[in-house]
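**Student:** Here it is, the structure in full.
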Amino acid sequence: MSSSNVEVFIPMSQENTNGFPTTTSNDRKAFTEGAVLSFHNICYRVKVKSGFLPGRKPVEKEILSNINGIMKPGLNAILGPTGGGKSSLLDVLAARKDPSGLSGDVLINGALRPTNFKCNSGYVVQDDVVMGTLTVRENLQFSAALRLPTTMTNHEKNERINRVIQELGLDKVADSKVGTQFIRGVSGGERKRTSIGMELITDPSILFLDEPTTGLDSSTANAVLLLLKRMSKQGRTIIFSIHQPRYSIFKLFDSLTLLASGRLMFHGPAQEALGYFESAGYHCEAYNNPADFFLDIINGDSTAVALNREEDFKATEIIEPSKRDKPLVEKLAEIYVDSSFYKETKAELHQLSGGEKKKITVFKEISYTTSFCHQLRWVSKRSFKNLLGNPQASIAQIIVTVILGLVIGAIYFGLNNDSTGIQNRAGVLFFLTTNQCFSSVSAVELFVVEKKLFIHEYISGYYRVSSYFFGKLLSDLLPMRMLPSIIFTCIVYFMLGLKPTADAFFIMMFTLMMVAYSASSMALAIAAGQSVVSVATLLMTICFVFMMIFSGLLVNLTTIASWLSWLQYFSIPRYGFTALQHNEFLGQNFCPGLNATVNNTCNYATCTGEEYLAKQGIDLSPWGLWKNHVALACMIVIFLTIAYLKLLFLKKYS
């Protein structure tokens, strides 16, 4: 194979079936309508850290280099080895890549993409991000409610949903749950079609898919591509990345783009790719899968490729493939640049752009078709359905709360009004406070588990960050922290025989709720934006352990050195424990058999609740009680603000 710059001319009408039967259907139908997406001189560079040592400057890495091409209505496949840049190119075309380090133009029918392109086009991610606790129809209803304009009636939206269900062949499973790790649901192919249906609700003219066959068996993968082929015949421009498709899938492609190391190896009609590489010096054995053959060429796998051995193909290139890979990719890229395919593509690109330099648009704006309140209602509705549809966690939490309440009630049953009563009251109130904190650690999952779902739906214009944030709080966080506090108070309060007044009972319940909400808010502030639950859980546990030390039971806060005492003001258990002590001890008498004279002489004995509170440094006034709730409320606001800002500024583009 020569590296000279001699033009490799391959007639555009040439077709090579490689021994396979030709298709008689009009798979290569020319579309007169539909969107034509063209990309001009796309370059993408990222800065990566060169090491863990501080002070090292990041190194710039080229991901895509001068990529040009045209995607017309039909099936447009982007093929390449792992790390070749196919997913990066797909994200660039779909306006879902971080614009920093990106240059070049992407045009739709010769014009710049609209600012709401991400919302008008469809994008199916590699990992299916659908709510598994909902049915197929309910998932599509959620997409329709938030992505279709409010001017459409519910009847029109339902007609659109039914049409999508029928088009995707989901009629039999429309009312079946998609499925989770705990709930058996639809098959993998039906789940993938549901993900596609979520995007088809808006009837996009361009549909992007990131490796739609990943995780599917060969038969299911073939069925998914046949579905996409039928959709492309309706005039849709379908662009997708794929890795090693079998021949029955490959023959469905209308256009093929081959990438390696961010360079363009081939771009043109898929059925003419074999003839192109054969004229370039590569021959595919009969009945070999063309897609595998192309990857073998790019990877330099000479054991599977029959090469025209020229004088410059030396034995060292076979022995040391790592030294040969980069030059081989460069040679293939140069051969393509010298081919007639590249020349005709450039001429068509020039015609589409009108020869004018377009202004690059940064696509970070997201438009919404619905109001904040409408989005809030639907996010809350879906979250509540998800809670009811996956009752294992919620029911388990309630059962554990009931059992733990009964155990604590049995241990501290019938508190006495003596010196032991003081110790036992302080102990059980401390336990109630710390238990509320540690049971709130589960709140870290609220945003971590749905991170991919949130990012995809936010970029696609389903809802605002604020709608999602408050919707999750109202439907998930509030009820799941309120109910255990109510149950715990009702069980424990009367079994322990605490102060028998209604106001004391409800103050205790309110205090436990505030502790649970503040601890959960702290969990959200730590976990928001995280990808791993275990990391957030570990950080939460460490924080609560330090907070316990400054809660007021393990050490008397009045005895702590001044240079450390300020840490008590950051302790959630301290505020809860102080409020519970103020509520329970105020007005109590623990020495009913002693008169005032004896009580005055026995300064070492604590006979009243006021004395105990004074020794703990607790203010006896009503403000001494309510200031703890004010502090907890302030912490809730601060932590929720941090969580919201972390979601708002979360890196949503790859």
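Positions of Cβ are set from backbone N, Cα and C atoms, glycine also.
Remember, it's a predicted structure, so these values are computed and weren't measured experimentally.
These came from Swiss-Prot, pasted as-is:
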- 388-650: domain 'ABC transmembrane type-2' (DOMAIN)
- 1-394: topological domain 'Cytoplasmic' (TOPO_DOM)
- 416-427: topological domain 'Extracellular' (TOPO_DOM)
- 449-476: topological domain 'Cytoplasmic' (TOPO_DOM)
- 498-505: topological domain 'Extracellular' (TOPO_DOM)
- 527-534: topological domain 'Cytoplasmic' (TOPO_DOM)
- 556-629: topological domain 'Extracellular' (TOPO_DOM)
- 651-654: topological domain 'Cytoplasmic' (TOPO_DOM)
- 395-415: transmembrane segment (TRANSMEM)
- 428-448: transmembrane segment (TRANSMEM)
- 477-497: transmembrane segment (TRANSMEM)
- 506-526: transmembrane segment (TRANSMEM)
- 535-555: transmembrane segment (TRANSMEM)
- 630-650: transmembrane segment (TRANSMEM)
**Student:** Of the listed stretches 428-448, 506-526, 630-650, which one has the most C-beta pairs under 8 A with the transmembrane segment (477-497)?
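**Tutor:** Looking only at 428-448, 506-526, 630-650, the most contacts with the transmembrane segment (477-497) come from 506-526.
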**Student:** What parts of the chain pack near the topological domain 'Cytoplasmic' (527-534), using Cβ distances under 8 Å and only residues at least 6 beyond its ends?
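**Tutor:** Beyond its ends, the topological domain 'Cytoplasmic' (527-534) has Cβ neighbours at 443-449, 451, 540, 642-644, 646-647, 650.
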**Student:** State, in range form, which of 395-415, 428-448, 535-555, 630-650 has the highest count of Cβ pairs under 8 Å to the transmembrane segment (506-526).
**Tutor:** 428-448
**Student:** Tell me the residue counts in helix, strand and coil for the topological domain 'Extracellular' (416-427), as DSSP assigns them.
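**Tutor:** When I sort the residues of the topological domain 'Extracellular' (416-427) into the three classes, I find 9 helix, 0 strand, 3 coil.
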**Student:** Can you count helix, strand and coil residues in the topological domain 'Extracellular' (556-629) using DSSP?
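**Tutor:** Across the topological domain 'Extracellular' (556-629), the residues distribute as 47 helix, 2 strand, 25 coil.
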**Student:** Same-chain Cβ contacts of the topological domain 'Cytoplasmic' (449-476) under 8 Å, 6 or more residues past its ends?
**Tutor:** 96, 116, 118-119, 123, 125, 127, 129-131, 142-143, 146-147, 199, 366-370, 372, 375-376, 378-381, 383-384, 386-387, 529-531, 533, 640, 643-644, 647-648, 650, 652-653
**Student:** Across the whole of the topological domain 'Extracellular' (416-427), what does the mean pLDDT come to? Round it, please.
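**Tutor:** Averaged over the topological domain 'Extracellular' (416-427), the predicted model reaches a pLDDT of 85.
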**Student:** For a three-state summary based on DSSP, what are the helix, strand and coil counts in the topological domain 'Cytoplasmic' (449-476)?
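**Tutor:** Each residue of the topological domain 'Cytoplasmic' (449-476) counted once, the result is 21 helix, 0 strand, 7 coil.
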